[in-house]
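**Student:** As annotated by TrEMBL, ATP binding site applies to Arg3, Glu4, Glu5, Ile6, Arg7, Arg131, Leu132, Gly133, Tyr134, Gly135, Lys136, Gly137, Phe138, Tyr139. The annotation substrate binding site is assigned in TrEMBL to Leu48, Glu55.
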Amino acid sequence: MTREEIRNQYRALRKDFTSEQCIYYSQQITNNFLRNWMFNHKLIHCFLPIHRLREVDTIPLVKRLRRNNRVCIPVSNFDKNNMTHKILDDHTQFQDNAYGIPEPVTGEDVDVKKIQVVIVPLLAVDQHGNRLGYGKGFYDRFLAECAPETLFIGLTMFDIHDDLEPNEYDIPLHYVVTPKGILKTTANQPVPLR
Ligand SMILES: Nc1nc2c(c(=O)[nH]1)N(C=O)[C@@H](CNc1ccc(C(=O)N[C@@H](CCC(=O)O)C(=O)O)cc1)CN2
Ligand SMILES: Nc1ncnc2c1ncn2[C@@H]1O[C@H](COP(=O)(O)OP(=O)(O)OP(=O)(O)O)[C@@H](O)[C@H]1O
């Protein structure tokens, strides 16, 4: 199967989820994540979900992580297919962009190099941490800019896919969280966070 065929397959599967299934899987992913990592005094990037596409609901995770960390949320530029990142605070205001992604409209911009953990949305991922998104390269570009010790953690409601052919830009994830548990991929781990 081509990347595009695999992409379409997962898109279709996700569209068939009910909102109850989506909530249930999201809770399991959140619980598995927090059982493994709470982090402390880190700068963490996390996406916010496109509800219409039944993405993992990261809002409870973001709320919990923000208790002991700084969390930044992406703002997407669909002309350049890149993102900037704004720190979440008690006063952050959000607005859905044209693709239904909630984005902060206020808040301090973050230097990409200072981000220590990136929580990545996925359509499909394999045991090596190779991933498939919507195909615009947003996360490929972003992960390439991050400092070498940054930890990349993907979230998916699906099981790990058989090997995906990486393209030249693919940067593998270090961990994947599913409703069933946590997979440490075969990608080289950066130095452990203190
Ligand atoms: N929540 C979230 N934020 C994210 C991503 C993501 O996957 N999830 N992205 C990860 O890279 C970037 C945005 N990428 C996107 C790329 C394409 C489309 C898009 O074409 N949407 C169409 C149809 C999608 C479909 O049917 O599956 C649409 O909204 O009509 C949306 C987001 C950055 N922010
Ligand atoms: N670092 C980069 N520099 C320039 N172009 C890039 C870079 N990364 C990705 N691209 C472009 O983006 C396209 C989409 O890449 P790919 O198929 O890997 O997307 P994806 O990983 O599924 O999507 P996303 O990253 O948005 O979730 C690539 O074909 C390439 O043209």
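Every residue, even glycine, has its Cβ placed from backbone N, Cα and C.
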**Student:** Just the number: how many Å between the Cα atoms of Tyr134 (ATP binding site) and Glu55 (substrate binding site)?
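**Tutor:** Cα of Tyr134 (ATP binding site) to Cα of Glu55 (substrate binding site) measures 12 Å after rounding.
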**Student:** If you skip the near sequence neighbours and keep only those at least six away, which residues in the chain come within under 8 angstroms of Glu55 (substrate binding site), Cβ to Cβ?
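**Tutor:** Within the chain, Glu55 (substrate binding site) has Cβ neighbours under 8 Å at Arg14, Phe47, Pro49, Pro121.
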**Student:** Between Leu48 (substrate binding site) and Phe138 (ATP binding site), what is the CA-CA distance rounded to a whole number of Å?
**Tutor:** 14
**Student:** Out of Glu5, Arg7, Leu48, Glu55, Tyr134, which binding-site residues lie by ligand 2, with a C-beta less than 6 Å from some atom of it?
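**Tutor:** Once distances to ligand 2 are taken from each Cβ, Tyr134 fall under 6 Å.
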**Student:** Rank the binding-site residues Tyr134, Phe138 by the number of other Cβ atoms within 10 Å of each Cβ, and give the residue at the low end.
**Tutor:** Tyr134
**Student:** Among the binding-site residues listed here, Arg3, Lys136, whose Cβ has the fewest other Cβ atoms inside 10 Å?
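**Tutor:** Across Arg3, Lys136, these binding-site residues, the one with fewest Cβ atoms within 10 Å is Lys136.
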**Student:** Please check the binding-site residues Arg3, Arg7, Phe138 against ligand 1 and give me the ones with CB under 6 A, sequence order.
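**Tutor:** From Arg3, Arg7, Phe138, counting a Cβ under 6 Å from ligand 1 as near, the near ones are Phe138.
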**Student:** Under DSSP, is Arg3 (ATP binding site) helix, strand or coil?
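**Tutor:** Its secondary structure by DSSP: helix.
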**Student:** Check each residue in the chain of Arg7 (ATP binding site) that is at least six apart in sequence and keep those whose C-beta is under 8 Å from its C-beta; list them in sequence order.
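**Tutor:** Same-chain residues close to Arg7 (ATP binding site) (Cβ under 8 Å, separated by 6 or more) are Leu123, Ala124, Leu132, Tyr134, Gly135.
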**Student:** Going by DSSP, give the three-state secondary structure for Phe138 (ATP binding site).
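**Tutor:** Where Phe138 (ATP binding site) sits, the three-state DSSP reduction gives helix.
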**Student:** On the Cα atoms of Arg3, Glu4, Glu5, Ile6, Arg7, Arg131, Leu132, Gly133, Tyr134, Gly135, Lys136, Gly137, Phe138, Tyr139, which are listed as binding ATP, what is the maximum pairwise distance in Å?
**Tutor:** 20
